[in-house]
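Have a look at the structure below, then the notes.
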Amino acid sequence: MEGADLLTAGVLFLFAAVAAVPLAARLGIGAVLGYLLAGIAIGPWGLGFISDVDEILHFSELGVVFLMFIIGLELNPSRLWQLRRSIFGVGAAQVLLSAAVLAGLLMLADFLWQAAVVGGIGLAMSSTAMALQLMREKGMNRSESGQLGFSVLLFQDLAVIPALALVPLLAGSADEHFDWFKVAMKVLAFAVMLIGGRYLLRPVFRFIAASGVREVFTAATLLLVLSAALFMDALGLSMALGTFIAGVLLAESEYRHELENAIDPFKGLLLGLFFISVGMSLNLGVLYTHLLWVAASVVILVVIKMLTLYLLARLYGIRSSERMQFASVLSQGGEFAFVLFSTASSQRLFQGDQMALLLVTVTLSMMTTPLLMKGIDKWLSRRLNGPEENDEKPWVEDDKPQVIVVGFGRFGQVIARLLMANKMRITVLERDIGAVNLMRKYGYKVYYGDATQVELLRSAGAEAAESIVITCNEPEDTMKLVELCQQHFPHLHILARARGRVEAHELLQAGVTQFSRETFSSALELGRKTLVSLGMHPHQAQRAQLHFRRLDMRMLRELIPEHSDMVQISRAREARRELEEIFQREMQQERRQLDGWDKFE
């Protein structure tokens with residue numbers, strides 16, 4: 001693709017995303033399905049703006065690559081060892097069982113047994129990009145079902161290596177083309193990457209960070225991710241697996257959070273590009289001529305994978321309310337099928353339109369997942385939040401609460417218990433099914449659902465409530481809720497949890513003045529105790545704590561992100577000097593009088 005064509009394609013991609021995703025969100029079908037529909041619209045079978053789908057699809061795999069790097073950063077070798085049972089137990093069982101059943105069905109559909117085996121393995125894989133995105137949207141990341149889902153996806157990525165090696169063997173070209181020496185060299189190169197990364201990455205990033213130039217650090221991060229992907233691709237292995245390993249090697253480093261921040265903007269854009277490319281690859285011509293075959297294949301694929309996953313989740317001990325979410329989020333075909341089927345086609349394993357039919361099936365199955373998740377979400381909401389008497393029954397009992405608490409994790413539980421102890425009428429909304437079930441056993445009135453949906457807030461009593469307390473784990477969810485409340489329920493008094501200064505600035509800019517930084521108060525209290533342990537009078541330590549709190553809040557309001565770094569540094573130094581002067585005056589005053597105790601907040 002030439003430079004001008006690449007620029008035109010970039011503009012078309014951005015326009016399609018900007019137009020389709022907000023529309024999809026308004027319709028409630030999710031961003032992923034919006035990207036897929038946008039791809040269909042601008043692809044060769046839609047308006048025909050872009051025809052070179054294969055090249056763009058290969059480039060767009062970088063979205064999955066960046067996503068896997070960030071996932072690797074969130075894990076460490078000890079955590080992977082803890083997940084070994086779910087990775088090599090449930091993950092292996094899912095791939096083998098699904099592949100065996102699907103391969104048998106493909107043989108009944110007149111596929112050669114070699115092609116059926118490859119087809120079964122490819123269809124057994126799920127979409128890492130789609131599943132992880134949906135799990136994040138549905139708040140499954142921290143749940144038991146989400147952890148198990150990640151383990152299954154990780155095993156599928158690991159299975160890429162033997163699956164690709166199996167293709168030439170099935171094609172009967174092992175003696176002519178399959179070079180075991182090359183395989184051994186690939187394994188050796190892979191081992192060198194592991195060992196080199198283990199001992200070299202930290203010193204390299206320490207040297208780069210010492211320069212103090214953030215742009216260079218970002219460039220080094222991109223270089224690491226792209227180099228790992230290119231290296232694995234040259235070996236004929238999964239690019240995503242290579243960057244995942246690089247992330248794991250850096251998971252325990254002091255640069256973990258900075259690396260994640262540097263990559264995050266690129267990940268989101270490239271993931272969107274990946275889903276658009278998948279939509280573009282949908283061959284509507286094959287769909288039109290084999291409509292019944294494709295429709296039946298999609299249904300059979302989704303049902304078989306859901307049944308397999310549901311059974312494994314039950315054997316693993318996942319709660320019944322979480323099994324359907326786990327089974328549905330992994331029910332689609334995945335991006336690995338495109339790679340595996342292309343390799344098999346080059347070995348002439350498929351006949352006629354067989355490869356095209358399989359690819360259309362995979363693409364359409366990916367489009368069913370967001371809709372399936374939405375339907376299961378509604379079913380779970382009604383099931384967990386009370387029996388359904390008629391179609392108009394709200395998801396949440398409307399008992400006209402005074403306060404709505406969103407999120408019932410450790411942070412939200414303390415707030416809810418305090419409010420209930422003071423006889424306040426509250427409604428708690430939580431999207432982690434496991435947490436809902438557990439808290440209900442203890443007698444808490446917790447309801448399942450995604451609070452970023454206006455309908456759920458309305459049925460929870462937002463129109464009659466006085467306040468809403470937002471304690472979401474994800475800052476994006478917090479800001480989305482703030483926007484929804486300001487737009488649809490402007491009378492609500494909004495109180496929110498901020499994970500740090502960045503989130504606090506965002507809340508202030510959105511007009512939310514009542515918030516709490518989750519570690520700030522506890523850190524101040526421990527600091528006060530430290531001052532007392534060093535010999536300071538308790539009254540003086542208390543006043544020091546209060547002065548620090550007030551000055552820090554004032555700085556938070558003044559040092560908004562628009563200021564330059566130099567202005568922020570200058571103002572921070574000025575504030576530190578001001579704080580020291582206040583403490584000096586307090587010291588002199590306390591020496592004169594330490595009898596009385598002032599009223600403190």
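Counting begins at 1 with the first residue displayed.
Note that Cβ sites are derived from N, Cα and C of the backbone, with glycine treated the same way.
Quantities reported herein were computed from a predicted structural model and do not represent experimental measurements.
As written in Swiss-Prot, here are the features:
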- 4-24: transmembrane segment (TRANSMEM)
- 29-49: transmembrane segment (TRANSMEM)
- 55-75: transmembrane segment (TRANSMEM)
- 87-107: transmembrane segment (TRANSMEM)
- 152-172: transmembrane segment (TRANSMEM)
- 177-197: transmembrane segment (TRANSMEM)
- 207-227: transmembrane segment (TRANSMEM)
- 230-250: transmembrane segment (TRANSMEM)
- 262-282: transmembrane segment (TRANSMEM)
- 284-304: transmembrane segment (TRANSMEM)
- 324-344: transmembrane segment (TRANSMEM)
- 356-376: transmembrane segment (TRANSMEM)
- 400-519: domain 'RCK N-terminal' (DOMAIN)
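Break the domain 'RCK N-terminal' (400-519) down by DSSP state and the numbers are 50 helix, 26 strand, 44 coil. Here the transmembrane segment (262-282) does not touch the transmembrane segment (87-107). Their Cβ atoms form fewer than 3 pairs under 8 Å, with each pair 6 or more residues apart. Counting Cβ pairs under 8 Å to the transmembrane segment (324-344), the stretch among 87-107, 152-172, 207-227, 356-376 with the most such contacts is 356-376. Most Cβ pairs under 8 Å to the transmembrane segment (29-49), among the stretches 152-172, 207-227, 356-376, belong to 356-376. Regional average pLDDT for the domain 'RCK N-terminal' (400-519) in the model is 83. Remote same-chain residues near the transmembrane segment (356-376) are listed as 28-30, 32-33, 36, 119, 122-123, 127, 130-131, 134, 138, 278-279, 281-283, 286-287, 290, 293-294, 297-298, 301-302, 324-325, 328-329, 331-334, 337-338, 341, 350 (criterion: CB distance under 8 Å, separation of at least six residues from the stretch ends).
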